[in-house]
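Peer 1: Input: one structure, supplied below.
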């Protein structure tokens, strides 16, 4: 879960502001300096920052001025970093396994030319990974073999929590899937218990088996990232997707080194919502290392935010009755969104051209207000156009509160080796920080063509979602410039159906690229259509076709 709606309205978005950021012309070469060092000082007021805005477009500066005028006190008091979570680190002796990145870094082998080279690429010396065996009988989430633990970045005091479930079927041969929720700032453990994991939790805290769990035929890693999300913690912060990608590569490298029995299996990355940002970057990071122990075969993105310039154009059609469901907005509101679109697209284009915080933040603020705000103000569920938001304190879903209650139980945290004092399903500070580093509108879709040259990509979308709707996802896949674009756009749409012939959606595919529309599902497809989601997952993992 989820692309958070917290930053849709300007009041929420203006809760914080970031200092000047270097232009991310080549982000994969600019992230070498620790984020916590680069962003270690509190914010200056917006009035002070305007001295540095000389290179901004007039449109972008106007948005900054609007926010400053409406929320001057919030801007003056803004602080970029949240307080670290209270935590107590356990000694290494408390864990069943400890693997040190420095040990992996120091392994040298002889290549075919007789030259010495590192066995595995990457700067791993600052990373360690700790793991413990989870007793399935104590928690009762599933009967399969499980591990939980932390990836530690010792240099930057970052600690990412993960929970691994072995396949219920044939773990020695079944693939491994990394699952990522979005937000940014939402725990992947919400995906575990709300969507695709082995069990769900009711209002009484009772566990219920999920027969459509994604570990039916695959082992699954649920990862709380970036730091300070879920059970993860840090004394600093990660506030952009690029920095998070380095951590994920390190985690997977150390995990497969410690558990080589899974390293030979096919590996896939899947996620939803803001994972539409995460997955292209994380995949690019993995594929950039030619000597690796990660057998990456494909990626899957569900209801993602990937190409804002294309996707934001489709909020008005979805809200106004052109996405297969009745209109939520009246004609005057739809017209206002039409009128706002050119300015929104101009701001996003400026962000794409410069990749600078000064262009990307105004684009996010203006477009979120103009293109999402009218819908959100109706009280309709932004994650499912078919109904109202029933529990605003839990992002419209009461089950999120039940999950938090369960994961805050001392017995649960003890069995998992948790080192923080509390669990929250979503960290809104992370969401704010990513927004005000300009990450929200970064053009990470530009990485997809290179990925398509190497591995298959599946984009799927529940057709009742508003916030990352199927119209926008279909549009960006068709707009993507890559060698196979013409063939993909000309491909025939086919029915997606279960073995019994029941139609669950449609899809189109060409080369390594596939787009699927899932009927009757909102933002969280595995929750709304569990049988259909497991069916297309199994088909995809089998031969990358639906």
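Placed from the backbone N, Cα and C atoms, the Cβ positions cover glycine too.
For 273, 465, 523, the entry in Swiss-Prot reads active site, with the evidence type similarity to another entry. Annotated disulfide bond per Swiss-Prot: 186-426, 320-334, 344-367, 351-360, 389-396, in sequence order, evidence recorded as similarity to another entry. Residues or ranges marked as N-linked glycosylation site in Swiss-Prot: 217, 512. The annotation signal peptide is assigned in Swiss-Prot to 1-17 on the grounds of sequence analysis.
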Peer 1: Spatially, which candidate from the recorded positions 186, 344, 367, 389, 523 is nearest to residue 273 (active site), comparing Cα atoms?
Peer 2: 523
Peer 1: Which three-state DSSP class does residue 351 (disulfide bond) fall into?
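Peer 2: Where residue 351 (disulfide bond) sits, the three-state DSSP reduction gives helix.
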Peer 1: Counting all other Cβ atoms within 10 Å across every protein chain shown, which of the recorded positions 217, 273 scores highest?
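Peer 2: Going through 217, 273 one by one, the largest Cβ count within 10 Å is at 273.
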Peer 1: So for residue 367 (disulfide bond), how many other CB atoms are inside 10 Å of its CB?
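Peer 2: The answer is 28 other Cβ atoms.
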Peer 1: Just to verify a number: CA distance, residue 396 (disulfide bond) to residue 217 (N-linked glycosylation site), in angstrom, no decimals.
Peer 2: 31
Peer 1: Starting from each candidate's C-beta and looking 10 angstroms out, tell me which of the disulfide-bonded residues 389, 396, 426 has the most other C-beta atoms.
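Peer 2: Compared across 389, 396, 426, the most Cβ atoms within 10 Å surround 426.
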Peer 1: Here are some disulfide-bonded residues: 186, 334, 344, 351. Which one has the most Cβ atoms within 10 Å of its Cβ?
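Peer 2: Answer by Cβ density within 10 Å: 186.
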Peer 1: So which of the recorded positions is most packed in, judged by how many other Cβ atoms lie within 10 Å of its Cβ, out of 320, 360, 512?
Peer 2: 360
Peer 1: How many Å separate the Cα atoms of residue 523 (active site) and residue 465 (active site)?
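Peer 2: Counting only the Cα atoms, the answer is 5 Å.
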Peer 1: How many other Cβ atoms sit within 10 Å of the Cβ of residue 523 (active site)?
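Peer 2: Result for residue 523 (active site): 29 other Cβ atoms within 10 Å.
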Peer 1: In sequence order, which residues at least six apart in the same chain have a CB under 8 Å from the CB of residue 465 (active site)?
Peer 2: 303, 383, 384, 385, 521, 522, 523
Peer 1: Of all the recorded positions given, namely 320, 334, 360, 512, which is spatially nearest to residue 186 (disulfide bond) at the Cα level?
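Peer 2: That would be 360, nearest by Cα distance.
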Peer 1: For residue 367 (disulfide bond), which of the three DSSP-derived states applies: helix, strand, or coil?
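Peer 2: Reduced to three states, the DSSP call for residue 367 (disulfide bond) is helix.
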Peer 1: Give me the Cα-Cα distance between residue 217 (N-linked glycosylation site) and residue 512 (N-linked glycosylation site), rounded to a whole Å.
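Peer 2: Pair distance, Cα basis, whole Å: 22 Å.
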Peer 1: Find the one among the disulfide-bonded residues 320, 351, 389 whose C-alpha lies closest to that of residue 344 (disulfide bond).
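Peer 2: Closest by Cα distance to residue 344 (disulfide bond) among the disulfide-bonded residues 320, 351, 389: 351.
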